[in-house]
Amino acid sequence: MSISCLSASAAKALDAELMSAGAFSIDQLMELAGLSVSQAVYREYPPSQYSQVLICCGPGNNGGDGLVAARHLWQYGYKPTVYYPKPSSPELYKRLCKQLDDLDIPVVKSHDSNHFSQLLRDSKLVVDSIFGFSFKGPVRDPFGSILAAIVESKIKVLSVDAPSSWEIDEGPQKEGPLKDFDPDTLISLTAPKPCSKFYKGKHYLGGRFVSKVITKKFNLSLPPYPGIDQVVDITNKPLSMV
């Protein structure tokens, strides 16, 4: 069975469907997505070896998924630090940050290249939660320099939904300092995006919230999730466009 890919426009439409006919709130979807991310991290990078995790969050919903994941990772025994140089103003994001503050999880809300380089040296793993399916290049600073520093550091990276800087429907950058950005692990959310056809590493799918009604409406072919897991391993599984 091939697994369906969702283009950027189809992913946007499906999200809208989930929050209208599907009756989900953005809070619910973000919580479930972040929980999936945390489970993928735990599967691949156990806290006994990768306790120091640097979670790089962008200003949108993908960054919100990272904020949620940080809270769950703390509960699993990790020592997360959140790098959030362009924090979002909506109340939802403020509440997510307050939850992290209450757990004494460091949240860095401004960019300093030297400080970021030190955080990279102090970490075992980066969770790339910067850009999601709505990304369109070019990558602007501070995120361009952040991603370039991650590439240079050679640290292990898990990307959320799509590797940041990759064009959602076309794949990785073909030139420039970010052409070598290629995470070790990818967790697609809801369904893989077309760029994941170019991805050759460990690949998980998360977002166990798509109903049969929506699956049928969008003509999706998605794998079953085992047991109570919020992620399923789809490494090397064939992918096809809807």
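Along the chain as shown, residues are numbered 1 onward.
Note that Cβ sites are derived from N, Cα and C of the backbone, with glycine treated the same way.
Residues N62, S164 are recorded by Swiss-Prot as K(+) binders, and the candidate that the same record lists for that site, out of D101, D102, D128, is D128. Annotated (6S)-NADPHX-binding residues in Swiss-Prot are N61, N62, G63, G64, D65, G132, F133, S134, F135, K136, G137, P138, and among D112, D122, D161 the one listed with them is D161. N62 (K(+) binding site) falls within a helical segment according to DSSP.
Geometry remark: G137 ((6S)-NADPHX binding site) versus S164 (K(+) binding site), CA distance 10 Å. Note on the domain 'YjeF N-terminal' (11-221): mean pLDDT across this stretch is 97. Close to the recorded K(+) site, the chain also has C56, G58, G63, G66, S129, I130, F131, G132, S159, V160, D161, A162, P163: residues not among N62, D128, S164 whose Cβ is within 8 Å of the site's Cβ mean position.
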